[in-house]
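Structure below; questions to follow.
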Amino acid sequence: MLLRDVILQRHLESYARVWIPDPEEVWKSAELLKDYKPGDKVLQLRLEEGKDLEYCLDPKTKELPPLRNPDILVGENDLTALSYLHEPAVLHNLKVRFIDSKLIYTYCGIVLVAINPYEQLPIYGEDIINAYSGQNMGDMDPHIFAVAEEAYKQMARDERNQSIIVSGESGAGKTVSAKYAMRYFATVSGSASEANVEEKVLASNPIMESIGNAKTTRNDNSSRFGKYIEIGFDKRYRIIGANMRTYLLEKSRVVFQAEEERNYHIFYQLCASAALPEFKTLRLGNANYFHYTKQGGSPVIDGVDDAKEMVNTRQACTLLGISDSYQMGIFRILAGILHLGNVEFASRDSDSCAIPPKHDPLTIFCDLMGVEYEEMAHWLCHRKLATATETYIKPISKLHAINARDALAKHIYANLFNWIVDHVNKALHSTVKQHSFIGVLDIYGFETFEINSFEQFCINYANEKLQQQFNMHVFKLEQEEYMKEQIPWTLIDFYDNQPCINLIEAKMGILDLLDEECKMPKGSDDTWAQKLYNTHLNKCALFEKPRLSNKAFIIKHFADKVEYQCEGFLEKNKDTVYEEQIKVLKSSKFKLLLELFQDEEKVLSPTSATASGRVPLSRTAVKPAKARPGQTSKEHKKTVGHQFRNSLHLLMETLNATTPHYVRCIKPNDFKFPFTFDEKRAVQQLRACGVLETIRISAAGFPSRWTYQEFFSRYRVLMKQRDVLGDRKQTCKNVLEKLILDKDKYQFGKTKIFFRAGQVAYLEKIRADKLRAACIRIQKTIRGWLMRKKYVRMRKAAITIQRYVRGYQARCYAKFLRRTRAAITIQKFQRMYVVRKRYQCMRDATIALQALLRGYMARNNYQMMLREHKSIIIQKHVRGWLARVHYRRTLKAIVYLQCCYRRMMAKRELKKLKIEARSVERYKKLHIGLENKIMQLQRKIDEQNKEYKSLLEKLNSLEITYSTETERLRSDVERLRMSEEEAKNATNRVLSLQEEIAKLRKELHQTQSEKKTIEEWADKYKHETEQLVSELKDQNTLLKTEKEELNRRIHDQAKEITEAMEKKLVEETKQLELDLNDERLRYQNLLNEFSRLEERYDDLKDEMNLMASIPKPGHKRTDSTHSSNESEYTFSSEITEAEDLPLRMEEPSEKKAPLDMSLFLKLQKRVTELEQEKQSLQDELDRKEEQALRAKAKEEERPPIRGAELEYESLKRQELESENKKLKNELNELQKALTETRSPEVTAPGAPAYRVLLDQLTSVSEELEVRKEEVLILRSQLVSQKEAIQPKNTMTDSTILLEDVQKMKDKGEIAQAYIGLKETNRLLESQLQSQKKSHENELESLRGEIQSLKEENNRQQQLLAQNLQLPPEARIEASLQHEITRLTNENLDLMEQLEKQDKTVRKLKKQLKVFAKKIGELEVGQMENISPGQIIDEPIRPVNIPRKEKDFQGMLEYKKEDEQKLVKNLILELKPRGVAVNLIPGLPAYILFMCVRHADYLNDDQKVRSLLTSTINGIKKVLKKRGDDFETVSFWLSNTCRFLHCLKQYSGEEGFMKHNTPRQNEHCLTNFDLAEYRQVLSDLAIQIYQQLVRVLENILQPMIVSGMLEHETIQGVSGVKPTGLRKRTSSIADEGTYTLDSIIRQLNSFHSVMCQHGMDPELIKQVVKQMFYIIGAVTLNNLLLRKDMCSWSKGMQIRYNVSQLEEWLRDKNLMNSGAKETLEPLIQAAQLLQVKKKTDEDAEAICSMCNALTTAQIVKVLNLYTPVNEFEERVLVSFIRTIQLRLRDRKDSPQLLMDAKHIFPVTFPFNPSSLALETIQIPASLGLGFISRV
C-alpha cells in the first residue's frame, strides 16, 4: 500500500475533511460522516453547503480522496508550508489569498506565483521598494520585489550572474512583472554615472510595448514577442547599462488580426496623432481607414489614450538617443506599411492581376519609401523565376499578389523592429566594463488553442526547454538541502522533458524534418505530415496522430496534449519574400530604409556571429531566409525554426550560467474581471507552469521542515517539564519518539527536523486536542468562579434593594408629614398676604393723594418766592446804577479840584528853580560830579532799557489781555442784544398765547359737554376692550412661550455655532501648526538635501584633486549648486557681509517658492540709490565739519566772538544731523511701506529674500550709525571743552570792555560803542538766518530728489516687472547674477568707507587725548561738567577710564596665526568621550565664544569672521570624518547649540537678556551684531541633528524588527507556525538575535551619552521622539508586509513591548516629549489584532479606535490576520467590506506604509546658561596654552 494511503487511512475518521473532484469547481470540500475502514468502497460525505453525498472509490486504484489542511495552514505565504501537498490544497490556498486577502503573490518553494488582479494595486510604490530593500526573502510577504531583492543580493554576495524567468499565458501579467522587477533594480541600485542609465532602462519599456505589444482577446497589452533583458552592473553593483534580446516576433499580426483584437499599438498611436503638424506629410487618417488596423473591429482600448501614449513613446525615444529625424523616419516607414496594406489588386484572369493606374495608397507608399511607382507596381504583380539557363518574369494571381504584399509588409516591419531593438541596445550600452548582470526573461507561456499552428509549436517547444531547466534546478536544490542536512538521499522520480525535447529538436526530429521538407522543390504540408507519421508514429510514445485528420499531429507536452495543424508550417518556416521587391526598396533614396536592409545583410552574413556567441538574438530570431543571387552559402538560408532553435540554445546556456529565479504568472479568468478566480483556468495554468511539479517533488520526500527552536516553541505544550532539557535538539528527539512511533515519518538533520507529508497536520491535531482539554479545564474553573461571584453579587444586591425599599417607605411617610405641615403654613401666609395686600393698596392711594396736594402747595409757594426774588434783583441793579452815577460825578469833581491845586503848586516851584538856576554856585556844584553822573547815566540807561523792555513786555501782555477782554465784552454785548430781542419776541408771544387761552376756554366748555357722551361710550368700549385684552393676554402668554422656546432654540443654536466656531478655530490653529511644521520640515529637508549635495561636491572635488597631479592655472568652474568653494553658510576671511547675501537668500527661496526676481532687482536698485543719498549726505556733513574746523581756526584770531561762532557751527551741525536722521526715518518708512504694501505674488515667493535684503541693509546702516555717533560724541566733547574754557576768556573780555568804557570820557563814544555792538549782533543774526535759509533750501532740494527718485523707482519697477515677464529664465538668472555682483562691489566700497571713518575716528581720539591733557593742566576742577555723555565721577578722557585690568573679564585672547591651531586642538582632534566625562558640558562652545568676545572687544571684524568661519568648517569637517559615530555627532550637536545659545544670550537683545545676571549683561557683545551667524549656526545644528537621526536610525534599524516583532518577550504566548522553503534560503544570515532588552539598552546608551554631553533637555526630547517614531514606523511597516506576524498573540507581544518602551519614558521623565504619540499607530494596530472582528458593533468600535491608522492599513491588517491556533477565527470578507464602507468617507492618505525616513522638524528653544564666563578654567589637556585670559 502506498505511503499516502496509509496516512489517509489514519486520518480518515469521522468529521475529517477531504477534497473530492468536481466538474465545475475542480475540487470541492467535504466532511466525512463515518469512519473509513480498509475495504470500504463508499465514503459517506457531507458537502459544505450541507448536502450529503456517497463518494465511490475507484475499484482499480482504490485511491482515497486527498485530505484538507487544518484551517490555521490555509492562506500560507509559501505553499510548501502546507502539511498536505497536493493540487486541491494548492488551488484552495491560492484562492483564499487572492479572493479573501487580496494577495496576488504566493511562494511555491523557489517559485513566485503571481495572479493578475486586473486592477491597480498600491503595492509598488517607492515606500514598498524601500521596505523590501535589504530584507531576507522569507521575512517579508511574497512580492516581485522580494524576488528582485534576492537576485540582487545573491549577485552581490555570490559574485554570480542572476536570471529572473517570468512566464505565463498571454494576459497573465508577465510584462508588468518584468517591468516592476526592472524598476526595483533601477531604484535600489541607482546608476554609476550621471547619465541616468536606470531611466533609460525603464524608458525602453514604452518603446518595446508600442512596437511589440498588441490587444488580444485575453489581454489589452499582450507582448507578441519574447525578450531577455540583461541589466549590467559594475563592481559596486550600480546599473551601468543593459542589453535586450528578442525572440519570435509575431509578424503575422501586422497583416491580420482576429475579431476583437488589434494590430501593434504604434499604428494606432500614429493614427491618433495624425493631426499633428509634423505628421501631415504622412497622410494618415483614422484607424478604420487602413486595412491593417481595422480587421479586428476594435480600434480603441478602454482607458487608453493613444495620442498620449504616442507622446510617451516619442519622449522615450528621445531619452534613448533616437533623434527627431530618425523618429520621423520610423513613423514614415510605419505609415508606409499602413498605406501598403490599402493597395488593391484587380484580376485580369486566373493567373494574373494588376494595380489600378495612379493608385493613391501605392503612390503614397512609394513617396514615403522613396521608390519608383512603376517598379513597385510591376513587382507587386509579377515575380522572377530563374532556371539554369535563363530567367522568366511571370505574372501572379490576385491571391498570390496579396500574400506577397503582406509578406513585404511583415518583412519591413520585422526589419524595423530589429533596427529599433539594435538602437535601444546601443543607447543602453555602457563603456564601463560590466562586472555582473541580472537577466529578466519575459517569455510566452504554454499555449493551446482550438487551432494550433507553427507559432504555438515554437512557443511550447521553448516552454519544454525552460521546464526541463526548471525541473533540474528544483531537483538540484532539493538534493543540496538533503545533503546539507545529512539526510539519507533517496532518488525522487520526476517528470523528464528530455524525450519531448528530443522529439522536436533531435536528428530526424520534427524541426529537422520540417527544414528538410522546406528544401524540397515540391515540398508541402501534406508530404511533411506523412514523413512525421512514418518517422515517429508508434515509435515515440509522445507523438500521436488524430483519428479524423491526416494533416495534424499530437504531442504530449509536460502540461497537456496539443494537436497541431500542419497547414502553413512550411510557409511560416520559410518566411518567403520576393527578392525583386526587396531590390526595389534597396534602390530607395530613403536613408533609414537602406539602413534596415544593410543591417539585414550583416546579420545574415556568415561572419556575423562572434566567438562568444553573444549576438543580439533579436536579429536572428525573426529573420526570414531569403535567396539572393550571387550567394551560394547556406548560412543565409536558415529557416525560422532553425534560427529559433539556435536562439533557445544560447538562451539556455545563459540561464544555466546564472542562478535562476522563477516567477509564474497566472491568469485568474478570461474576462479580465478584477479579483475573480476561475478554478478551471487556474488549474490548467498551474499544471502548465510547473508549480504542481514543484509540489510533487517536494511532497515525494520530506516537505515539512522545522528548525529545532521552531519545533520547540510550537510544540512546547506537548512536553512535560521533565522532558525539557538544556539541549533543544535532544529534547525534540525525545518528544518526537513518543509522539510519532514510525521513525520513517521524520528525519533529524543538522539544524532541522524533516517530516513526511501529513505529519505536521497530525502534530497540529495532537496540539489542538491538548489545548482544547486545557481550555475546557480553564473554562470549568472560570465558570465556577463566575457563578460564585454572581451569587454573591445577587445576594448583596437583594440586601441592598431591601434596604433601599425600606428607606424609601420611611422617606415617603416623612414626606407626607412635611407636606401637611407645609400646607398649613402656606394657608397662613396666603391669608396674611391677601389682607396685607389690601392694606398696602389703601395706604398707597392715601400717600399718592397727599403727595399731589403737597406738591401743588409747594409749587405755588415756589412761584411766589421766585417772583419776590426777581423783583429784589431788579431793585438791586437799579439802585446800584444810581449809586455808581452819583459816585462818578463826585469823583470827577474831586479830580478837577486836585489838578487845579497841583498846577498852582507847580508854578510856584518853577519860579523857585529858575531863580536857583541862575545862581553861579549851583552850576559849580553840578559840574564837580559830572563824571560820576556820566557813569550813573550809563547805568541808568541800562536800567531804563531793561525797564523799557519789561514795560514793553507788560504793555504787550496788557494789549493782549485788553484785546481778549474787548472781544469778550463785545461777545457779551452781542449776547445781551440777542437776549433783548428774544425777550421782545417772548412778550409778543405771551400776548398771542393769552388770546389763544381765551379761545381754548370757549372750546373747553364745548368739549366738556362732549366728554360726557364720550365717557358713556368709553365705559361701554372699556368693557369690550377688557374682554379683548384678556384674549390678547392669553395669546400673549402663548406667544411668550413660543418666544421663550424660540429664544431657547436660538440660544442652543448660538451655543452650537459658538462651539462649532471654537472647534473650527481649534482645527484651524492645528492646521496652522501643521503648516508651520510642514514648512519647517520642508526647509530642513532642503537643508538636508543641500548638505548631501555639499558632501557630494566635496567628494567630487577631492577626487578631482587626486586625479589632477598638477592643477591648471585659471578659473575653476564650480558646481551649479554652490556659489563659492566655501559652504553655503560659511564665510571666508575675505568675504564681506554683502557677498554672503546671495548665499543667505538661497535657502528661504528654496524653502517656499522661486524668487520674485522683479522685486529683488527693484529692492537692490532702491538700496543702491538710498546708499548713494546717504553717502552724499555724509559728504555734505564732512564738508560742513571741515568748514567748522576752518571757522574754529579763525576763532583763535578773533577771541571776542568765539562763543557765537561756536554756537553757530553747533547749530548748523545739529541741523545737519537732524536732517540726516529725517532722511533715515524716511528710508525706514519706505522700507516699512515696501514690506507692508507688497503684492501677494511678492509675499509668497520673495518675502524671505526681501527680509534678508533688509537685514543686510539694516546691518550696514547700523554700522554707519555707530561710526557716526562716535564721531559726533567726539565732536560734542571738543565743543563742550572749548565752551568750558570760554568763561575764563569772557571774564577777561568783560574786564577789557569795562576798562575801555572807563577810558571813554565822551558821551558820543559810549553811544557809538553801543550802536556798534547792536550792529554786530544784527550781522550775526542775519548770517544765521541766511545760512538757515540756504540749509532749508538744500533740504527741500534733497526732499525733491528723494521724491523724484521714488517716482523713478516706481516707474523702473513697472518697466522691470513687464520686462521680466517676457524673456526666458536664463536672462533672469543672468540679471540676478549681475545684480548680485554689482551689490557686492558696492558693499565693498561701503566697507572701504567704513574703514576710512574708522581711521578718522582714531585720529580724532588721538587729538582728543592731547586736548584733554592740555585742559587737565589748565583747570582740573572744571572737568567734571565738560561732557554730559560720560559718567560724572569720571574724567572725560576715554583712555583714563578706570578698569580692573587684573580681573578676568570672561574673554580669551589668541593671535591671528594661532587660529588654525585653536580649531585643530579644540575641534578636529578633540575626543568627545574625555571631554564629556571629565570637563563641564559645552566647554568647547564656551571657549570659542570667549574668543569671539575678545575679537568683538578689539572691534576686529576680520578676526570675528575668520574665527566663526573656521569653527563652522571645522565642525563640518570632523562630522564628515567621524559622521557615523553617535558620540561625536551628539557631542558637536550639543556644543553647536550651546554656541548658538551663547551668541543669543550675550547679543545684547532684550529678549535674550531676561535671565542674565548683571555680570553676564556686562559680557554682552558691544561692536558686532552676529544675528546672521546665529542663523548659519542654526542651519548647521539642523544638519547635525539630521545626521544624528541617520546615525541612530542605522544603529536601531537591525534591532527593531527582531526585538519588537520576532522575539517572544512573553514566552509561550505565540507559537511559531509551519514555515515553507523560503526560510531555508541562502539569503538568511546567521546574525545574533536582538531582543527588546537590546533596544532598551541602546536607548539608555543614547540617552546617557546625550546627557553627558549637556544637550538641551528639549532637544533630547525631540531626539527621543524621533527614535520612537522610527521604532513605531519600522515595526508597523514590517507588520503590514508580514502575514505571519498578524495574529492575536503577536498583538499581545507588541502591546507588551510598547508598554516597556513607555515605562522607559517614565523612568527618564520623557512622557511629555511626544514620543508616546508616535507609537499610537503601532498600538492601534496591535489592538486591532486583538479585538473582536465579527459584528457591526465590532466594526464601529474598530473605526472609532483606529483613528491613527489609514483605511488602507486597517484593511491590510484585517486581510493579513492569520490564526495561529484553531481556537482563533479568521476575519470574514463581509466584515472587511463593512469596515471599508464605514471608512469610505474618511479622508486620509492612500499610502500603505509609514515613511520610516521621515524626520520631524527640529527647533532649538533658547536655553541660557547660568555659568559665569569669568569662572571657566581651561584644562591643560586641551593643549590651548597659546590662549591667554584677558
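Using N, Cα and C of the backbone, Cβ positions are placed for all residues, glycine too.
As the structure is a computational prediction, the values presented were derived from the model and not from experiment.
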Suppose you had to name the range TrEMBL annotates as region 'Actin-binding'; which of 142-164, 418-440, 648-670, 694-716 would you pick?
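Among 142-164, 418-440, 648-670, 694-716, the range TrEMBL annotates as region 'Actin-binding' is 648-670.
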For which of the residue intervals 1174-1203, 1324-1353 does TrEMBL record region 'Disordered'?
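Checking TrEMBL against the ranges 1174-1203, 1324-1353, the region 'Disordered' one is 1174-1203.
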If I go by TrEMBL, the feature region 'Disordered' sits on one of 615-639, 965-989, 1040-1064. Which?
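Of 615-639, 965-989, 1040-1064, TrEMBL gives region 'Disordered' for 615-639.
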Relative to the mean position of the Cβ atoms of Gly168, Glu169, Ser170, Gly171, Ala172, Gly173, Lys174, Thr175, the recorded ATP site, which additional same-chain residues have Cβ within 8 Å?
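These residues sit around the ATP site: Asn116, Asn219, Ser222, Ser223, Gly445, Cys665, Lys667.
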Going by a 10 angstroms cut-off between Cβ atoms, which of the binding-site residues Gly168, Gly171, Gly173 has the sparsest surroundings?
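Each of the binding-site residues Gly168, Gly171, Gly173 was scored; lowest Cβ tally within 10 Å is Gly171.
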In the domain 'Myosin N-terminal SH3-like' (13-65), how many residues does DSSP assign to helix, to strand and to coil?
0 helix, 24 strand, 29 coil
Identify, in sequence order, the residues in the chain of Ser170 (ATP binding site) that are 6 or more apart from it along the sequence and have a CB within less than 8 Å of its CB; answer 'none' if there are none.
Thr216, Arg218, Asn219, Ser222, Ser223, Tyr444, Gly445, Glu447, Lys667
Pull the DSSP breakdown for the region 'Actin-binding' (648-670) and write it out as helix, strand, coil residue counts.
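Grouping H, G, I as helix and E, B as strand yields 9 helix, 8 strand, 6 coil.
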Let me know the model's mean pLDDT on the coiled coil (1325-1414).
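Looking only at the coiled coil (1325-1414), pLDDT averages out to 67.
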For Lys174 (ATP binding site), what residues in its own chain, 6 or more apart in sequence, show a Cβ-Cβ distance under 8 Å?
Val166, Ser167, Gly168, Ser223, Asp442, Ile443, Tyr444, Gly445, Cys665
Around Thr175 (ATP binding site), how many other CB atoms lie within 10 A of its CB?
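The Cβ of Thr175 (ATP binding site) has 23 Cβ neighbours within 10 Å.
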Excluding near sequence neighbours, so keeping only residues 6 or more apart in the same chain, what lies with its CB under 8 A of Glu169 (ATP binding site)?
Arg218, Gly445, Phe446, Glu447, Cys665, Lys667, Gln685, Ala688
